[in-house]
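First the structure, in the form of structure tokens, and then the observations on it.
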2 protein chains.
Amino acid sequence: MSQSSSVKTAIAQSWVASANTGVTDFPLQNLPYGVFSTAAHPQPRVGVAIGDQVLDLAALEAAGVLTPSAASRVFDQPGLNAFIALGRDAWRATRARLTQLLDAGDAKLRDNAALRAAALVPLSEVSLHLPVDVPGYTDFYSSKEHATNVGSMFRDPANALLPNWLEIPIGYNGRASSVVVSGTPIHRPNGQIKLPDAARPVLEACRKLDFELETAFIVGRNTALGESIDVAHAEDAIFGMVVLNDWSARDLQQWEYVPLGPFNAKTFGTSISPWIVTMEALEPFRVAGPEQNPAPLSYLTDGAAHAFDVELEVRLQAEGDATPTTICRTNFRHMYWSMAQQLAHHTVSGCNVRVGDLMGSGTISGPTPESFGSMLELTWNGKQPLTLAGGGTRGFIEDGDTVSMLGWCQGNGYRVGFGEVSGKILPAKAR
Amino acid sequence: MSQSSSVKTAIAQSWVASANTGVTDFPLQNLPYGVFSTAAHPQPRVGVAIGDQVLDLAALEAAGVLTPSAASRVFDQPGLNAFIALGRDAWRATRARLTQLLDAGDAKLRDNAALRAAALVPLSEVSLHLPVDVPGYTDFYSSKEHATNVGSMFRDPANALLPNWLEIPIGYNGRASSVVVSGTPIHRPNGQIKLPDAARPVLEACRKLDFELETAFIVGRNTALGESIDVAHAEDAIFGMVVLNDWSARDLQQWEYVPLGPFNAKTFGTSISPWIVTMEALEPFRVAGPEQNPAPLSYLTDGAAHAFDVELEVRLQAEGDATPTTICRTNFRHMYWSMAQQLAHHTVSGCNVRVGDLMGSGTISGPTPESFGSMLELTWNGKQPLTLAGGGTRGFIEDGDTVSMLGWCQGNGYRVGFGEVSGKILPAKAR
């Protein structure tokens, strides 16, 4: 055995060789959950990504090799909700079991050719679906840099950050019906646009179409109306995370958002990555978040580190361009408010949450211009256009453009990746 | 036959005598749908209110006397979604069939003692449940008087109505998880309150707890992402209406709502009446809405009358008071923006809607002080307290208070009523 392979052996290895490359998003350390189907078996069901394969958990469940037992049939479902509802002990037991079954040294699945053939499907052959039924979608606004940038452009540069922002993990209710999985094309929305020199608005196709780079967490348990979740236990109620593109129509937004917040500017589509990376897989990447000054009210703080080191990247590819252009590089660790704080605040009123609820981070902008998480900020409201690899320039997103967002945690010799959330913009529908 | 009974005979009569009193909310002309259970048969199922009885549609379906046929089993369900999803032709056919089966002159059910015993349950013996599974909840803001009153108090009396209000049926995404049926008690929420003379907010129980008198409509069909519903066909996509109480924490709201809108101030509970009054039952009460000036953009107008004459009343009863006090009388016809306009605007962006989506009107305030639809307006932010029948005074809602809202359309010798939505406020949970 060469030295390099013996070094690699220090890292957990799978008998699925493509999981051991060091650059795959889906090594043995990750095991993210998704919902997939194939041409041969079009019924959507739960799987786990491993290297360039999907492990079909419905097949393993049927074969009786999983905990929870096959009797519960939580994986032969079109969403992860039933499995998530089993609770954290079941998540941990299943992760432990899958880690064992996929381990290079474990023979049970590795040496069972029939079961392996039934349960391993190449990623290239699957269609990926929304991983959970999303009963509720909440979007937060937790990047200080983003809130400051938007406040400067939409309101007043001298008072960009509103007084409540440093006290409240500000959030609002999003539209759950239009949450779609990566790959779903999105029509440019029509809506009311009020031009500065016009007396009245017009109904037109959005002229300032934007993305927002976000992550989101998936709620892992139901609470009762009136119940709140303490910040110290909030992460126990989170199943995992995805990358999220909060498509935004800036011209619609600016005209409609006072006083009740964004509505049609956001409801035409929200895209998420198909694989839910679990909190267990993210645990090695826990870091301290930014200093919070003033210290938050006590219901929002327990002294623990609740940020995670997730690298993020946005790429834009114009139709006809041979390659995408990376237009943003940032990190989830910059977020001022943590997921634990967001969930504690969401429920402090007694608002009940449900398994599968999707809670977006808000646009993730870092401190430097290339780390801004939206076109609005990257081009400063279109005034400083970006140049693409193919030579085109962009103030906002044009028809035919594809926006892709990638996220990963860089380990020592491996990465825990989110895959990507991608979406192509189609022309507005004729009216 | 006396003259008075011969006059009454001109009005449609049911063999369920309590449906013919002229004052019941539930005459033969109404036939609202709800979901109920009984101690003897605890499985929630669909029924229709008739006089002081509930007609069990699951029982009729099982007996094979309904269209759609019993095979579809749309009524032996804990929500109306499956029935609603059948579409408007099925709604009309079922209404026609029920009208016939309950008609005084029709023998089929009237003279079948066994089926009647199985299918008629006294209202006094049933528990009522949420009538639909609510996948999405949107709340509009369509009363000009309410928007003006709130704008005066929260912002600037000189510019109370914002420039976008006369162009857009302003709305925002509500929280669907905390929509509850009438009778469900609501805990006073905890939340951040920023007192005017304090440097920082505190986490405390809400001090300015309020109701908002609203109606809401239930969406009757699914649309695809990217699809919009034309204003001229919008009512075809509405199944019916309920009365809604949008409980509101004014002190939380004022501190949190800029820039993304109300969140914790509203997410702790939204109550709806248990019976969905169908658009067919409301048709005789269609009226022209208020004049709209400026004339709305063309996607919001088709020249037809889209308002409805629904009388509304709010009652507040303190714990220990022998009787409730009526504190507001108003009418749904005052609303500036119609349901058709709301739904056309909601979907013009391509936002998809789903069967069961709940869309609130916004607080229904009329032109006179006694017609204001919230405590905020009735007491002008607590400055002009109301006096209750029991002698107490109220600036806002206190613990133990029960708020009830009633709605009805007054016909000639009959009323099409909504019943009521009622809720009692419990003390805030200790933290």
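Don't overthink the numbers, they just go from 1 along the chain as shown.
Cβ from N, Cα, C; glycine included.
Look at TrEMBL and you will find B:His146 tagged as active site, proton acceptor. Counting only same-chain residues six or more apart in sequence, the Cβ atoms lying under 8 angstroms from the Cβ of B:His146 (active site, proton acceptor) belong to B:Gly362, B:Thr363, B:Ile364, B:Ser365, B:Phe372, B:Gly373, B:Ser374, B:Glu377. DSSP classifies B:His146 (active site, proton acceptor) as helix under the three-state reduction.
According to TrEMBL, the feature Ca(2+) binding site maps to B:Asp139, B:Glu212, B:Glu214, B:Asp246. A strand conformation is recorded for B:Glu212 (Ca(2+) binding site) in the three-state DSSP classification.
Taking a C-beta cut-off of under 8 Å and a sequence gap of six or more, B:Tyr141 (substrate binding site) has these contacts in its own chain: B:Ala147, B:Trp165, B:Pro169, B:Ile170, B:Gly171, B:Tyr172, B:Gly362, B:Thr363. Marked as substrate binding site by TrEMBL: B:Tyr141, B:Arg155, B:Gln253, B:Tyr257, B:Thr363.
Cβ neighbour count for B:Lys266 (Mg(2+) binding site) (all protein chains, 10 Å cutoff from its Cβ): 28. The Mg(2+) binding site annotation in TrEMBL covers B:Asp246, B:Lys266, B:Thr270.
Along the domain 'Fumarylacetoacetase N-terminal' (B:29-131), the predicted structure has mean pLDDT 95. Annotation comment: TrEMBL describes B:29-131 as domain 'Fumarylacetoacetase N-terminal'.
As annotated by TrEMBL, domain 'Fumarylacetoacetase-like C-terminal' applies to B:137-405.
Checking the recorded positions B:Tyr141, B:His146, B:Glu214, B:Gln253, B:Thr363 against chain A with a Cβ-Cβ cut-off under 8 Å leaves B:Tyr141, in sequence order.
Other residues of the chain with a Cβ within 8 Å of the Cβ centroid of B:Asp139, B:Glu212, B:Glu214, B:Asp246, the Ca(2+) site, are B:Leu213, B:Ala216, B:Leu244, B:Asn245, B:Ser248, B:Lys266, B:Thr270, B:Gly360, B:Ser361, B:Gly362, B:Thr363. In sequence order, B:Phe263, B:Ala265 are the residues near B:Tyr257 (substrate binding site), counting only same-chain partners six or more apart with C-beta under 8 A.
Taking CA atoms as the reference points, B:Asp246 (Ca(2+) binding site) and B:Thr270 (Mg(2+) binding site) are 5 Å apart. With helix defined as DSSP H, G or I and strand as E or B, the domain 'Fumarylacetoacetase N-terminal' (B:29-131) counts 43 helix, 24 strand, 36 coil.
Straight-line distance linking the Cα atoms of B:Glu214 (Ca(2+) binding site) and B:Thr270 (Mg(2+) binding site), rounded to a whole number, equals 10 Å.
The least crowded of the binding-site residues B:Gln253, B:Thr270, B:Thr363, judged by other CB atoms within 10 A of its own CB, is B:Gln253.
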